[in-house]
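Here is what Swiss-Prot says about this protein:
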type: ACT_SITE; residues: Cys86; note: active site, nucleophile
type: ACT_SITE; residues: His175; note: active site, for GATase activity
type: ACT_SITE; residues: Glu177; note: active site, for GATase activity
type: BINDING; residues: Gly58, Pro59, Gly60, Gln90, Ser136, Leu137; note: L-glutamine binding site
type: DOMAIN; residues: 7-201; note: domain 'Glutamine amidotransferase type-1'
type: REGION; residues: 209-367; note: region 'Indole-3-glycerol phosphate synthase'
Amino acid sequence: MPAASKNVVMIDNYDSFTWNLYEYLCQEGANVEVFRNDQITIPEIEQLKPDVVVISPGPGHPRTDSGISRDVISHFKGKIPVFGVCMGQQCIFEEFGGDVEYAGEIVHGKTSTVKHDNKGMFKNVPQDVAVTRYHSLAGTLKSLPDCLEITARTDNGIIMGVRHKKYTIEGVQFHPESILTEEGHLMIQNILNVSGGYWEENANGAAQRKESILEKIYAQRRKDYEFEMNRPGRRFADLELYLSMGLAPPLINFYDRLEQNISAGKVAILSEIKRASPSKGVIDGDANAAKQALNYAKAGVATISVLTEPTWFKGNIQDLEVARKAIDSVANRPCILRKEFIFNKYQILEARLAGADTVLLIVKMLS
């Protein structure tokens, strides 16, 4: 069932973050109903016919302050997906026999990086993702139930995520709905993409769903940049240093450049340089970006869009760099736009240093 048609019941453990979580779920297309943990019964939830149940964050201890939350987990296991956030995860931990105790530190609105298993909520989420924490309690490793597996941890070993090995039940200790959490929207999308009561059942359903080309490119570019961002001399800090040293070429305003053509009674043409596409295959595998850019500039175009994605479009960031150099001496040169599947600040910084005046952002890829 598509995320847009998922009916979600959220149990509110009297926490203000419940409504941030509500907003994220709604933004991803879910229909969400929220009920306080002492103001609804299991039969009433059954009557609502939810596709997913979410257990919210909350103050206190899951054993004493979570109301109906643990009963909800017990009742709906093996029937529909159940996801928990912060106290919601602690409820999962305790319901299956684990202990939630003092975590050894108190954190309130602080970020930590976590490593994860790239499954469930963490599918396609980069490693060392920064997440926001508000807690002093956590599930203990020594009491981890045999039926649960750890999905994420901080650098100092605190459990940040658990998943049931059989049932579609998963939780995280941090807050994906916090603005400081990286890839929070992707995590929420992943929640809503789960169906059925068992992971095995869900895996079969997921296998039947055809992955979109955008999803394929997105996943591949994440892998590409995990490598690229760790190359010596190409790390984020390196690019920031280059920018501070004034190594980025001067830029022109994209909108002003379009307006120049329009004000002069000309068509503001946005031209494009690409060697291939997913739909057309190879268009011109030998296309020279510098030569093509100069031809476009001489023809009076307002903007030159340069595809820099290597796998499906056969481009690269060097294409943009040489295209910019080729037109720098042209009077009233066109604007250079990087057309790419952009999902992080590194790619924007990289584009700027290569000579881009602006970049294309695909809203569906942003979180």
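Even glycines carry a Cβ here, placed using N, Cα and C.
Where Swiss-Prot records a feature, it is marked here on the structure.
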residue : record                           : DSSP (3 states)
Gly58   : L-glutamine binding site         : coil
Cys86   : active site, nucleophile         : coil
Ser136  : L-glutamine binding site         : strand
His175  : active site, for GATase activity : strand
Within 10 Å of the Cβ of Gln90 (L-glutamine binding site), how many other Cβ atoms can be counted across all chains shown?
33
His175 (active site, for GATase activity) and Gly58 (L-glutamine binding site), Cα-Cα, nearest whole angstrom:
11
Spatially speaking, which of the recorded positions Pro59, Gly60, Cys86, Gln90, Leu137 is closest to His175 (active site, for GATase activity)? Use C-alpha to C-alpha, please.
Cys86
With an 8 Å cut-off on Cβ distance to the Gly58, Pro59, Gly60, Gln90, Ser136, Leu137 Cβ center, who else from the chain surrounds the L-glutamine site?
His61, Pro62, Asp65, Cys86, Met87, His135
Out of Cys86, Leu137, which has the highest number of nearby Cβ atoms, where nearby means within 10 Å of its Cβ, if these are the recorded positions?
Cys86
Would you work out the biggest C-alpha to C-alpha distance among Gly58, Pro59, Gly60, Gln90, Ser136, Leu137, the residues that bind L-glutamine according to the record, and give it in angstrom as a whole number?
12
Using C-alpha atoms, which one of the recorded positions Pro59, Cys86, Gln90, Ser136, Leu137 comes nearest to Glu177 (active site, for GATase activity)?
Cys86
Tell me, how many other CB atoms lie within 10 A of the CB of Pro59 (L-glutamine binding site), whichever protein chain they belong to?
13
Residue pair Gly60 (L-glutamine binding site), the residue listed as 'active site, nucleophile' - Cα distance, angstrom, rounded:
11
Cβ packing number for Gly58 (L-glutamine binding site), 10 Å threshold:
26
Report the same-chain neighbours of Ser136 (L-glutamine binding site): residues 6+ apart in sequence with Cβ closer than 8 Å to its Cβ, ordered by sequence.
Tyr102, Ala103, Glu105, Ile106, Val107
What Cα-Cα separation, expressed in whole Å, is found between Leu137 (L-glutamine binding site) and the residue listed as 'active site, nucleophile'?
9
Of Gly60, His175, Glu177, the recorded positions given in the record, which has the fewest other CB atoms within 10 A of its CB?
Gly60
Mean pLDDT across the domain 'Glutamine amidotransferase type-1' (7-201), rounded to an integer, is what?
93
